[in-house]
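Working notes for the structure below.
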Amino acid sequence: MVKIVTYNVNGLRPRVAQHGSLRRLLDALDADIICFQETKLSRQDLSADVIMAEGYEAFVSCNRSAKGRGAYSGVATFCRVTSAFSSQEVALPVAAEEGFTGLQDYAKNSEIVGDFVIATPVAEEGLGEITREDLLRVDNEGRCIITDHGHFVLFNIYGPAVEEGDKERVHFKLLFYKILQKRWEHLLALGKRVFVVGDLNIAPASIDRCDAPPGFEKQMFREWLRSMLREHGGPFFDAFRSKHPEREGAYTCFNQKIGAEEYNYGSRIDHILISGACLHHCDSAEDNSIICCHVEECEIMNHFKRGNSENFSKWKGGRSSKLEGSDHIPVYILLKKIPELPAHNIPPTAARYLPEVRGRQQSIVSFFNKGKTYELQDAGCLVLSEDTVNDSYCSDDLENKTIAKDGLAAAKGGNLPSLMCKGGGLDQWRNEGLSGISRNSQKKSPSGTKGVPNKKIKCNLSSQPTIKSFFQPPKSETVNVSTSTLVTPVETIHCMNQICVPNDDSLPESMQCTTSGAEDQDKTNVSSCSLSTDKCNAAALEWQRIQQKMKMTLPRCKGHREPCISRSVKKGPNVGRLFYVCPRAQGPASNPEANCGHFQWAPVKSKGKRS
């Protein structure tokens, strides 16, 4: 048996973080070949923790477009193998290629699967003359990986998603699929079996979309995809529909912004298409196809755990509506009676050979660079505790990851880590060492009392103090901060002239504060957030009263008579204008429990002259 899974992960790093490691994510899918789409990794982001896993070989394609959109799109194919050399396993490809035009200059080491050659310029109906630059632009967004597994050629595809009014992207999508079709036809003409898996961003028929509007199937790309299928004269079988031709409500993608998954309000845009003859001779010409002889099952993995929690919370509207995991559901196909291949080695385009993963040879100049400097704000208020390490975050643009307790354990044996990493990610912090904090972190304030400094303190890695410096008795005569808590500068709130409110999810972040994790034995010392409990409770009750009053002023939806949620227009002539909608998740029109469709503009404030 050979199992192939396709899964739009909507960012590979978040999925790896949710499962604990890349190996756990791959093992959870339990397949021989795993095809990820929308990895959102650039070449600079590639690292062993998201590409390399024991027992798997990877092939990746990243966005190379200079459009300024950052890391988006991207595909990756992971193959579960016992050995990468002299292997007879079907999962290990005999050849691999990044892109599908055959024109990529950066794929010098990769052979073109099927010796595909396209002469430019080429004329295509509806697209005019296509130049070499147009073809390279199609491949530069990292939307295709081709792996040749001997018995079949596998295309891992992430199709472009476009809006009807965006003519430039509509042209791009049409060019993408027209050239891709030429590549498929070339391989089929050579007698190859072609498998196409991935998020094509196309629901081919009305049965594949919940509450499909009239004329749904007449859209250009849906007509093109159906023309590729056997029932419409094309070469491919839709593996899922071949096994489940009449099944309704079988969807793989849900809009998280409207809570669509709660009422199964989605579409089927993740596909597995297969074409070619079976691996043995059949008596009947109709049965002489791979779908009849070798496909055991094709199914949507509805029960696959896509987040940390067992039970997803219900959609509540607004920003709290998103699921923890991807907005797509994996799909798998199970192949039977697939023989082994002759002994072969892993192709040179594998991720294990990429410089970003394998490493680059360093020059001697790199050893004479100055040590990196990390900047800390308000370092004087840093104290030590394991309880608050889990609430500290690294302030970079990669991921807001929680710093683990093992980082603190390492600090106890050496130097205390800097929790505010400017210009570097968490992995960089772990690899380069723990940054020290200056001993002289407190200075006298102009009033004579020793307060917390506001200016930045620069700490060089080459002159790190010992941990003992953090246990010196405080010199302040007015405030003795408990030395049992480690608080990051961003999270520290000086409550000298502010009302302190307990941490509560129902309160805004601006009203929350960080409190000490243990009481000081000397009860005469005052905590940094030691205001009376009565005042804290009063503030909490006042906030609850304000929230209740806000709910009373909101209009109620016509279907359920529940307080609406407010939203704003993002673009167009009414950009910025507020409106109210039903708070419930979107669902089929036949479901009375789903969103009732209520819409109401918020009143516009008068622009009259102020008195």
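Each Cβ is built from the backbone N, Cα and C atoms, and glycine gets one as well.
Nobody curates TrEMBL annotations by hand; they come from automatic prediction.
Residues annotated as active site in TrEMBL: Tyr158. Counting Cβ atoms from all protein chains shown, Tyr158 (active site) has 26 others lying within 10 Å of its own Cβ.
The annotation active site, proton donor/acceptor is assigned in TrEMBL to Asp199. The local packing around Asp199 (active site, proton donor/acceptor), expressed as other Cβ atoms within 10 Å of its Cβ over all shown chains, amounts to 28.
In this view, Asn201 (site 'Transition state stabilizer') is surrounded by 19 other Cβ atoms within 10 Å of its Cβ, with every protein chain counted. Look at TrEMBL and you will find Asn201 tagged as site 'Transition state stabilizer'.
Annotated site 'Important for catalytic activity' per TrEMBL: Asp270, in sequence order. Sequence-distant neighbours of Asp270 (site 'Important for catalytic activity'): residues of the same chain at least 6 apart with a C-beta under 8 Å from its C-beta are Thr6, Tyr7, Asn8, Gly198, Asp199, Leu200, Thr252, Cys253, His328, Ile329, Pro330, Val331.
Counted within 10 Å of its Cβ, the other Cβ atoms near His328 (site 'Interaction with DNA substrate') come to 22, all protein chains included. Sequence annotations record features per position, and here TrEMBL assigns site 'Interaction with DNA substrate' to His328.
Sequence annotations record features per position, and here TrEMBL assigns active site, proton acceptor to His328.
Summarising the annotation, TrEMBL assigns region 'Disordered' to 432-454.
As annotated by TrEMBL, compositional bias 'Polar residues' applies to 437-448.
Annotation source TrEMBL lists domain 'GRF-type' at 557-605.
Annotated pair Tyr158 (active site) and Asn201 (site 'Transition state stabilizer'), C-alpha to C-alpha distance, rounded: 8 Å.
Taking H, G and I as helix, E and B as strand and the rest as coil, DSSP gives the domain 'GRF-type' (557-605) the counts 0 helix, 12 strand, 37 coil.
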